[in-house]
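Engineer: Before we start, here is the structure in question, set down as structure tokens.
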Amino acid sequence: MVDGKTYVTSVFEKVKENNNHETEFLQAVQEVFDSLIPVFDKYPQYIEENLLERLVEPERIVTFRVPWVDDQGNVQVNRGYRVQFSSAIGPYKGGLRFHPSVNQSIVKFLGFEQIFKNSLTGQPIGGGKGGSNFDPKGKSDQEVMRFTQSFMTELQKYIGPDLDVPAGDIGVGGREIGYLFGQYKRLNGYQNGVLTGKGLSFGGSLTRTEATGYGAVYFAQEMLAAKNDCVKDKTAIVSGSGNVAIYATEKLQELGAKVLAVSDSSGYVYDGDGINLETLKDIKEVKRERIVKYTEKHPNAVFTPTEQGHIWEIKADLAFPCATQNKISEEDAKKLVSNGVIAVTEGANMPSTLEAITVFQEANVLFGPAKAANAGGVAVSALEMAQNSGRTQWTFEEVDTKLKAIMTSIYKNASSAAKEFGQEGNLVVGANIAGFLKVAQAMSSQGIV
Ligand code: GLU
């Protein structure tokens, strides 16, 4: 029987060979595989069952044509995806991303991460992800609706409340979920558990909107508490200005931290008085405008376009990357470290490159990996599914209390797995192992499927 390292390395070689153009997918796989070597040494039966090679191959991927007509009467065509990665511990669960960068590598990396993240929440949900290369930026509500209805007309064949339950991700918020739900209902009848992130008037859960951002801050609180430290009176930078960034900012401010900067793809704003949340919400949630608009209301704030500088050059105690993948390079990480950052908490999926993570770990910066730190969103999605099944609705406080408990237990499980496998304090390894073990046990019990 080969040892863990030989086994994991040989599976990774095959994955590279079979998916050699899928760079983001390979990056996500490499990060997980590196962590799992000691697990296979401890449980050689998983090698015998070739569990890793099975897990890294999605159960199913569907890609489909999404034709729609724009406001000028032109026929547009986009590509839709759903990757149903693993149903070992529950129905496929994960968001839909609408962004021009979406391709098979992106949905596969997101779907792969989702397996472990969902497992870490302790909820019975498998891993999936989907989306389209559609760009909602600059589109009218009517265009978004026509595109979304066309997308759902095809997607509805593959999803269902006990089969696969999509939700939002970048470019898919309350408006899009509403349209998606409406089209699903028109085709299949009312089944409120088929999507999460729904509006409160048709089966949505209180706290779902806030959950990813709040959860990331709860996770940071746990990391800091383990060092007898806390969020109060800290300075923070939060990249992004979407749903995750907005509610991370809200919770940080509520806990007494000062958020100095937020960003979007055009650049970042720095406000030495602390970011004004009301203005930020108005620009991004209501008007859907660019972040530079912030300076119109707050003339003391400074806007720096992306070509002229990065948000990571700002000196702050806490960093919350909440935009998108690979936005913290090795250089950015070195800058953050030299500026004395205490903790980096990933609100986005895979926002730090593998090299950046190494920089943080070598500098002993507290590092909360995405799978663990941003699991609050999907955790509350699972709570939304539970409420839908029970035909009930919990209060904001009830859901928030459950969210907090879930984030605490994710932190505890990740840190104790890291300790058990000889890498105390390494939450990347801990989260990967803790997430993997439950999935592995389920797969092992279910035979070669
Ligand atoms: N897109 C979110 C994530 O990355 C949420 C998924 C969901 O709620 O299903 O976890």
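Each residue, glycine too, has its Cβ placed from N, Cα and C.
Unlike curated entries, TrEMBL annotations are predicted automatically.
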Engineer: In TrEMBL, the substrate site includes LYS93, GLN114, LYS117, GLY168. Which of SER352, SER381, SER389 does it also list there?
Structural biologist: SER381
Engineer: Measure between the Cα atoms of every pair in LYS93, GLN114, LYS117, GLY168, SER381, the residues the record assigns to substrate, and report the largest value in Å, rounded to a whole number.
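Structural biologist: Looking at LYS93, GLN114, LYS117, GLY168, SER381 as a set, their Cα atoms extend up to 16 Å apart.
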Engineer: Whole-number Å distance between the CA of ASN243 (NAD(+) binding site) and the CA of SER381 (substrate binding site)?
Structural biologist: 15
Engineer: Quick one: which residues besides LYS93, GLN114, LYS117, GLY168, SER381 have a Cβ within 8 Å of the substrate site's Cβ centroid, in sequence order?
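Structural biologist: Here the nearby residues are GLY94, GLY95, ASN118, ILE125, GLY128, LYS129, ALA167, THR196, GLY377, VAL378.
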Engineer: Please identify which of LYS93, LYS129 has the densest Cβ environment, defined as other Cβ atoms within 10 Å, among these recorded positions.
Structural biologist: LYS129
Engineer: In angstrom units, rounded to an integer, how far apart are the Cα atoms of SER381 (substrate binding site) and THR212 (NAD(+) binding site)?
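Structural biologist: Cα of SER381 (substrate binding site) to Cα of THR212 (NAD(+) binding site) measures 10 Å after rounding.
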